[in-house]
Amino acid sequence: MDLVSFAFSGPATHADQAPLYIDAKRPSRSLSEAPFRRLVRSLVAGFKAYGVERGDTVLVQLDNLVIHSALLFGIVGAGGVYMGCSPSSPRHELDHFVSLVEPRLILTVASALSVVRDVCTNKGISWSQICLVDDQSVDHLVSFAQNQSYNPQATPPVRDEGVHFDLKDMVSFGESDWMRIYDEATARITPAAMFSTSGTSGLPKAAIRTHHTIISHHQTVHYDVPYPVTRLMALPMSHSFGDFWSNLFPIRYGHPLYVMPRFDLSTFLNVVHRYNITETYLVPAMVHILNQSTLPVRESLGSLFYIGVSGAPIDADSLQRCQKLLNPQACIGQLWGMTEVGVIFQNRYGDQRYPGSIGKLLENYDIRLVRLDDGTTIHGESTPGELYVRGPGIMLAYQGRDDGIDAQGWFRTGDIAYSEDEHYHIVGRTKELIKVRGYSVAPAEIEAVLLKDPRVHDTMVIGITLPDGSTEVPRAYVVCALGQARPTADEVSALALKNLASYKALDGGVIFVESLPRTGIGKPHRSKLSHLDAQRTKLAALLSPV
């Protein structure tokens, strides 16, 4: 089956035609089942009219929008491949994406238009392949979808090779059925979407997800819950984690989705309270913001039953602090996944036995833990090893590369994990481990300790090499909390020394900064911080007295 058919063939009857995709800031901008279907079919016709053929990529460079899911299904329904990226992507990253996926069309916003034009000019791409998306065009598409009496003629707008076009032109071509796939073999090899990897250790890669992998992944993760589901999405929908909870659930199961353009604490709390949100998904940085907030968080989150957390490591103490902000029937739990493999570990609603774990392995997936020293497979519990994964929801490949998945179907995650009573725990990443006199130190463990101090708003730990080259040691970069007394470097170091083994001490020092580099979804960008740290060291050497 193809992805669009799967979306529209769910158990939801939509008898009441209740809103499914809702703009959290302007709830009147919403789409119920019939308008959503009409919009998808019209966008299928529009993307075809603008030259999208089977296998062509459409690069979607947008913040979260109420029409985002319709755009994705319109692209896929036309036979194309959706690829999302942030409108704030720097020029070099956008240039990389355009070279990597060779898009037929680029959907972008006014603030990014000049950068997109420059990149297209350098790549020999006509500006007529650029589609501008603004508030007016979103309004137009929503109104068009809701107004069943409006039937535009399939007359192509006048196109100028040197000028971008507007998204509202996409719905000027009538409706078209979507591309159908009836056999599993074809669905297994037909790309539907690509999602960029985090790029924390270099330029991002594009992981190809086929119709079959997306459907299989969804069927594995979905489960019934004993509460009415109304979700709030504040994560980037262009990222695989945000995408998963945004697109299929509303139309397939009738679960309303409120869409925020981006996370803002005050707006987030207001939307949860006002619209009785029962389920949402966050990254650890957002959990820390909730824990440290002086706003009436507990009163605002009373309707929530479940918060799923993923995207980066988070400690049990931070999760338990957030748990105390929720109603007694609610729970917060970690998930684990990657862009390349999807979500494969999950703490489901009601399972809170191991709050620091990433949950149980989901059905239909295989994993193995491999020792770092000799590469042998670990069979017992409580022994950390590098995590390898295989299963039906794993990516087809990286775009333009032949690495990533071995001949037996295993994907090497780079994460270090161990098991305990069928629940798994993440220790850290192999590339991020700090080698201190023969010991392996995970930065996330030190960060979790420092974040317990209310004076620490954010922190990131990296490894630096001592001047004599004898060993690496941890160095902490710290952002102080507003409205709190500023801690000294010695106080921060003492906090780590008091709670951790001596070889995990911050012997590389503590440096206070205004902000820390993170990816769009909140992952620590340690490679960028390490680069900045190296520049800082060079500058300090130049400025030091002779």
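Glycine residues also receive a Cβ, built from the backbone N, Cα and C atoms like all the rest.
Values in this document were obtained by computation on a predicted structure and should not be read as measured data.
So that you can see what the record holds, here are the features copied from Swiss-Prot:
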type	residues	note
BINDING	Met194, Phe195, Ser196, Thr197, Ser198, Gly199, Thr200, Ser201, Gly202, Leu203, Pro204, Lys205	AMP binding site
REGION	445-523	region 'AMP-binding'
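Around Pro204 (AMP binding site), taking its Cβ as the centre, 19 other Cβ atoms fall within 10 Å, counting all chains.
Secondary structure at Pro204 (AMP binding site), taken from DSSP and collapsed to helix, strand or coil, is coil. Annotation note: Ser196 (AMP binding site) sits in a strand segment as assigned by DSSP. Across the region 'AMP-binding' (445-523), DSSP assigns 20 helix, 23 strand, 36 coil.
Here the region 'AMP-binding' (445-523) has a mean pLDDT of 92 out of 100.
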